[in-house]
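Okay, handing you the structure first.
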Amino acid sequence: MMEKNKRVLLGMSGGTDSSVAAMLLLEAGYEVTGVTFRFYEFNGSTEYLEDARALAARLGIGHITYDARKVFQEQIIDYFIDEYMSGHTPVPCTLCNNQLKWPLLAKIADEMGIFYLATGHYVRKQWIDGNYYIAPAEDVDKDQSFFLWGLRQEILQRMLLPMGGMTKSEARAYAAGRGFEKVSKKKDSIGVCFCPLDYRSFLKKCLCDESGDKNRNIYRKVERGRFLDESGNFIAWHEGYPFYTIGQRRGLGIQLNRAVFVKEIHPETNEVVLASLKSLEKSEMWLKDWNIVDESRLLGCDDVIVKIRYRKQENHCSVTITPEGLLHIRLHEPLSAIAEGQAAAFYKDGLLLGGGIITMTDQR
């Protein structure tokens with residue numbers, strides 16, 4: 001087993017949070033090495049690389065870059081596109097953290113003989129009854145625990161999370177107070193890194209631009225389809241089913257004398273069903289690809305909280321495992337706009353207990 005020394009590999013994005021994390025780790029006596037992953041460079045910008053290198057040099061810590069663009073394309077972006085083509089609503093940040101970012105961090109650390117792993121995530125970690133758990137950050141507005149439900153003990157035991165007890169305003173003040181004015185004024189990242197503004201424009205570029213990368217077979221023809229009501233009656237034409245998500249109201253491009261929302265998406269017929277918000281409510285769902293830290297804290301309990309959207313409403317539920325190996329979630333109160341492909345995360349007693357990917361919202 002690797003020795004637990006004071007060496008730590010820190011994921012450095014060049015932003016405020018990971019930069020402050022580096023300073024906090026140094027103050028705590030750790031020997032810090034920073035690694036900046038090249039996952040996706042929006043508009044081809046590499047300013048984040050230069051900022052991370054400059055900060056590492058100023059702090060006197062080691063720094064490396066790791067080009068993960070190919071694997072990010074294959075595991076995250078292609079997955080993102082495929083899910084929308086299947087009529088689902090993916091959460092790529094969950095997949096990236098659990099299957100790419102943290103495992104890559106561990107792989108590189110292993111090669112360097114480093115035990116501890118760190119990032120600028122706003123989460124905390126707790127050790128209870130023989131298990132490590134992720135716990136929500138002190139700053140509820142910045143808490144990122146929702147995205148980390150898939151991490152297992154081999155990663156959790158190695159994690160250092162210096163930002164978990166800080167608010168964002170405190171982090172900015174901390175950097176400014178130590179003379180890192182540029183770091184303190186960095187803008188927050190918003191949305192998915194490869195389409196921070198609008199996923200639809202990104203999809204249209206990938207799916208509808210025949211000048212795209214045909215070697216990767218990205219181009220797939222998307223034609224206009226039909227909006228239907230719940231009885232199957234035609235309402236209007238739409239741009240193509242991948243450009244809509246369950247629960248969507250805005251951007252439908254139609255005007256009716258009542259509020260309607262996307263209830264169903266049918267890729268095989270290119271049809272999208274619109275209905276009232278009330279009709280979108282569900283009382284149960286099923287999860288695949290799930291992870292649970294400790295089943296005794298979750299299964300059969302009535303006081304579990306489930307979240308299906310980052311920074312959104314919490315709902316009480318009970319959780320069981322089906323004979324087919326899925327997690328069956330029975331909600332105490334109906335929840336609207338549950339979509340296949342979304343992530344669901346479980347909490348109890350202030351701890352993240354696990355989560356999974358929604359695969360069904362009705363018994364079929």
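For all residues, glycine too, the Cβ spot is worked out from N, Cα and C.
Grabbed the feature section from Swiss-Prot, which reads as follows:
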ACT_SITE  Cys96  active site, nucleophile
ACT_SITE  Cys193  active site, cysteine persulfide intermediate
BINDING   Gly11, Met12, Ser13, Gly14, Gly15, Thr16, Asp17, Ser18, Phe37, Gly120  ATP binding site
DISULFID  Cys96-Cys193  disulfide bond
SITE      His121  site 'Interaction with tRNA'
SITE      Gln342  site 'Interaction with tRNA'
Between the Cα atoms of Gly11 (ATP binding site) and His121 (site 'Interaction with tRNA'), find the distance and write it as a whole number of Å.
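With the alpha carbons as reference points, the distance is 10 Å.
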Using Cys96 (active site, nucleophile) as the reference point, find which of the recorded positions Ser13, Gly15, Cys193, Gln342 has the shortest Cα-to-Cα distance to it.
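For Cys96 (active site, nucleophile), the closest Cα among Ser13, Gly15, Cys193, Gln342 is found at Cys193.
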Measure from the CA atom of Phe37 (ATP binding site) to the CA atom of Gln342 (site 'Interaction with tRNA') and give the result in Å, rounded to a whole number.
25
Could you round the CA separation between Ser13 (ATP binding site) and His121 (site 'Interaction with tRNA') to a whole angstrom and send it over?
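If we compare the Cα positions of Ser13 (ATP binding site) and His121 (site 'Interaction with tRNA'), the gap is 11 Å.
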When the Cα-Cα distance from His121 (site 'Interaction with tRNA') is computed for each of the recorded positions Gly15, Asp17, Phe37, Cys193, which gives the smallest value?
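Nearest by Cα distance to His121 (site 'Interaction with tRNA'): Asp17.
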How far apart, in Å, are the two Cα atoms that lie farthest from each other among Gly11, Met12, Ser13, Gly14, Gly15, Thr16, Asp17, Ser18, Phe37, Gly120, the residues recorded as binding ATP?
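Across Gly11, Met12, Ser13, Gly14, Gly15, Thr16, Asp17, Ser18, Phe37, Gly120, the two farthest Cα atoms sit 16 Å apart.
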Between Phe37 (ATP binding site) and the residue listed as 'active site, cysteine persulfide intermediate', how many Å separate their Cα atoms?
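Cα-Cα distance, Phe37 (ATP binding site) to the residue listed as 'active site, cysteine persulfide intermediate': 13 Å.
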Other than its own, how many Cβ atoms are within 10 Å of the Cβ belonging to His121 (site 'Interaction with tRNA')?
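So the number of other Cβ atoms within 10 Å of His121 (site 'Interaction with tRNA') is 26.
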Tell me the Cβ contacts of Gly15 (ATP binding site) under 8 Å, same chain only and six or more apart in sequence, or just say none.
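Looking at Cβ-Cβ distances below 8 Å from Gly15 (ATP binding site), excluding near sequence neighbours, one finds Tyr48, Gly120, Lys186, Asp188, Ser189.
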By Cβ count within 10 Å, point out the most packed of the active-site residues listed: Cys96, Cys193.
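Per the Cβ count within 10 Å, the most buried is Cys96.
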